[in-house]
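Everything on this sheet refers to the single structure shown next.
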Amino acid sequence: MDLVVEPNLHSLINSSTHKWIFVGGKGGVGKTTSSCSIAIQMAQSQPHKQFLLISTDPAHNLSDAFGEKFGKDARRVTGMNNLSCMEIDPSAALKDMNDMAVSQANENGAQGDDGLGGLLQGGALAELTGSIPGIDEALSFMEVMKHIKNQEKGEGERYDTVIFDTAPTGHTLRFLQLPNTLSKLLEKFGEITGRLGPMLNSLAGAGNVDISTKLNQLKESVETIKDQFTNPDLTTFVCVCISEFLSLYETERLIQELISYDMDVNSIIVNQLLFADDDQEHNCKRCQARWKMQKKYLDQIDELYEDFHVVKMPLCAGEIRGLENLRKFSRFLNKEYNPAMDNKIIYELENKK
């Protein structure tokens, strides 16, 4: 008997094991709306758990989606007691990192204008690293490491599941490559510090700090993340696309890359569907023409990903902004949209100011 895969995310929304959920795809396909919707549905379905939604996209949209301001520190969504949001700000994170480096350098005996502390006082670290390609992804990765450390120590708010609203595909792939890249880099650093450790400690003004120990601790943290990201019970990736050629092509490329990283991926959200055959009241030649094109690519998606959860989401008449609109829209992730029965809901969003 053939395995029937449900066209919804019900199993993920009610999952008791997942710690990390990534939501990504091509730019402009509705990633933020989808990640917010997943987070809301999980929070509603599991009220005894705490959820965190993090934006790793430099063009942060979580504040716009919910209609309230979020920043670099996690803050509860108004109207929900078990869902928090945060937007990683690279410039603020770099400043914090620079200030921390100054403090540590001064504590370890590198005071003075000629020491490491003096070099960093003017924001040299932030200035140097701010222009490095991929710094946004690296800072996002550091945030993941911080959450793992805090949970291991029992510090701060404990989140059962973290949902990532990721940047467009290229940024996301660089982010997911970081565990492997850092692991290899730290191995090389380990070899160097094994030979030059005392000299490096002296240069850093950190005679009482064993650099090799610090590197080994960092390597252990990176390996922990690698293990968790490749465990399908703990981590999964939800692809988001629209039913057009370029989006379908990029989704396939993304899926192949994720498979090469040994990451679990078995869900696709297809957004902005017209379902024109079932909407005779609001129909036109242009709608029919676009729906015909969408159906062509939907058939290809169904054929290519027959063993995936393919969730088909409607194009709404208005913007999906604010908690109430997101709640209405997100219900179709848990129980698939029925054009004949649910048609009215997509027009209810039209009147939201």
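Cβ from N, Cα, C; glycine included.
The DSSP secondary structure for Asp57 (active site) is coil. Residues annotated as active site in Swiss-Prot: Asp57.
If you look up Swiss-Prot, you'll see Lys26, Gly27, Gly28, Val29, Gly30, Lys31, Thr32, Thr33, Glu244, Asn271 marked as ATP binding site, on the strength of sequence analysis. Listed in sequence order, Pro168, Thr169, Cys241, Leu246, Ser247, Glu250, Thr251 are the same-chain residues six or more apart from Lys26 (ATP binding site) with CB atoms under 8 A from its CB.
Taken from Swiss-Prot, the feature Zn(2+) binding site covers Cys284, Cys287, and the record attributes it to sequence analysis. In the shown protein chains, 9 other C-beta atoms lie within 10 A of the C-beta of Cys284 (Zn(2+) binding site).
Comparing C-alpha positions, Cys284 (Zn(2+) binding site) sits nearest to Glu244 among the recorded positions Gly28, Gly30, Thr32, Asp57, Glu244. Comparing Cα positions, Asp57 (active site) lies closest to Thr32 out of the binding-site residues Gly28, Gly30, Thr32, Glu244, Cys287. Neighbour count (other Cβ atoms within 10 Å of the Cβ, all protein chains): 23 for Thr32 (ATP binding site). Spanning the listed ATP site, residues Lys26, Gly27, Gly28, Val29, Gly30, Lys31, Thr32, Thr33, Glu244, Asn271 have a farthest Cα to Cα distance of 19 Å. When each of the recorded positions Asp57, Glu244 is scored by how many other Cβ atoms sit within 10 Å of its Cβ, Glu244 comes out lowest.
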